[in-house]
Amino acid sequence: MKRIFLLIATNLAVLLVASIVMSILGVNTSTMGGLLVFAAIFGFGGAFISLAISKWMAKKTMGCEVITTPRDSTERWLVETVARQAKQAGIKMPEVAIYQSPDMNAFATGPSKDNSLVAVSTGLLYGMSQDEIEGVLAHEVSHVANGDMVTLTLIQGVVNTFVIFAARVVAGIINNFVSSNDEEGEGLGMFAYMAVVFVLDMLFGILASIIVAYFSRIREYKADEGAARLAGKGKMIAALERLRQGPESTAMPAQMSAFGINGKRSMAEMMMSHPPLEKRIAALRAS
């Protein structure tokens with residue numbers, strides 16, 4: 001639930017800034033073309049800025065320690081495994097990092113296939129067998145090779161644009177309706193209009209989050225398939241089985257969680273960035 005809240009809050013922050021800037025610049029929201037252009041600038045702008053700084057943000061947020069020179073055999077094996085899988089997948093070697101967390105998790109991030117980061121938690125590194133870890137690493141390398149970071153950024157940009165545009169169009173319709181039934185023809189007034197826009201931003205933002213989560217789940221299945229090709233189906237299934245036996249992951253922020261191996265669980269599957277582990281295992285066994 002915390003992941004969902006953070007995702008919605010981030011989108012709402014972008015939308016709120018867009019509203020303030022539009023008001024300051026006097027953008028006429030009744031002009032559909034101008035509104036759509038402005039919505040696209042903010043919708044895609046925020047998404048691509050997040051993508052551009054994603055690797056830097058991940059290192060700072062998670063306290064990732066990039067392995068430049070392996071200190072022991074475990075770190076050496078980790079780097080060599082990622083290097084081998086990256087070569088198999090046809091991508092540039094990602095940076096490899098470790099972050100301190102008891103959770104068994106890992107994630108991939110970065111603005112492109114040739115500028116990426118694969119990070120694993122200490123809980124995963126020392127709590128799984130090498131075969132299981134190899135499956136996890138293959139999953140993350142597949143995310144990079146599939147271009148999932150860019151794909152979901154584009155999807156996020158589209159839905160952000162939709163939210164900004166649709167909320168203000170609907171608010172304009174409501175304002176016109178109130179104005180036509182008001183003797184003075186003043187409409188909602190600035191503060192009431194902003195309140196209506198905020199509520200609509202929130203409602204459309206929830207819908208947008210569901211759409212992004214749907215596409216994220218599809219990308220998870222694709223990353224599992226890619227991992228099965230890189231490391232073998234048995235290793236990927238073993239990794240998922242191990243994760244299923246463990247506690248829910250709790251320590252990863254939303255932006256990294258979307259590309260992690262183990263997502264947050266939710267009563268409503270449509271709000272989850274990852275399919276249930278049982279479904280992922282079943283899909284691999286059926287493939």
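Cβ atoms here come from the backbone N, Cα and C positions, even for glycine.
Not measured: the values here are computed from a predicted model.
Take the Zn(2+) site that Swiss-Prot assigns to H139, H143: the candidate from E65, E75, E220, E241 listed for it is E220.
The 10 Å shell around the Cβ of E220 (Zn(2+) binding site) contains 26 further Cβ atoms across the protein chains shown.
All protein chains included, H143 (Zn(2+) binding site) registers 29 other Cβ atoms within 10 Å of its own Cβ. By a simple count of nearby Cβ atoms, those within 10 Å, the most crowded of the recorded positions H139, E140 is H139.
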